[in-house]
Amino acid sequence: MAIERTLSIIKPDAVAKNVIGQIYTRFENAGLKIVASRMVHLSRADAEKFYAVHAARPFFKDLVDFMISGPVVVQALEGENAILKHRDLMGATDPKKAEKGTIRADFADSIDANAVHGSDAPETAAVEIAFFFPQVNVYSR
């Protein structure tokens, strides 16, 4: 099995619900290590840059508005097959379709306020981690 890193964001809705610790526990119980972490209130410019891949999509403005509506907690996770493992923990994008026991099924309210973001591939994980954490601030353990 490959040791990978993935980026995870606990979005403003989940931060406001004070479930950060519960989400971290799920990461750690699944064998993922938190190798970098920080809380940040994204600027509009940073949110637009981070989600630039979606700029032409009809939901882009609403996504950016939501992501700047409150602080987020950003973490780099490391472990065997971290990307797939993290995506399994998150559940389907639409919490109504997410399996019971997933983060989105348990903590998300809607397809827009869906509690968490996760990288979808090794290439995007590398870009997303670098966006929030200069390499010197990520610590394998």
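Cβ atoms here come from the backbone N, Cα and C positions, even for glycine.
Cross-referencing Thr93, Thr124 against the ATP binding annotation in Swiss-Prot, which names Lys11, Phe59, Arg87, Arg104, Asn114, picks out Thr93. Working note on the binding-site residues Thr93, Asn114: by count of other C-beta atoms within 10 Å of each C-beta, Asn114 ranks first. Secondary structure at Phe59 (ATP binding site), taken from DSSP and collapsed to helix, strand or coil, is coil.
Cα separation, Lys11 (ATP binding site) to His117 (active site, pros-phosphohistidine intermediate), rounded: 7 Å.
Highest Cβ count within 10 Å among the binding-site residues Arg87, Arg104: Arg104.
Binding residues for ATP (Lys11, Phe59, Arg87, Thr93, Arg104, Asn114) extend across at most 21 Å, taking the greatest CA-CA distance.
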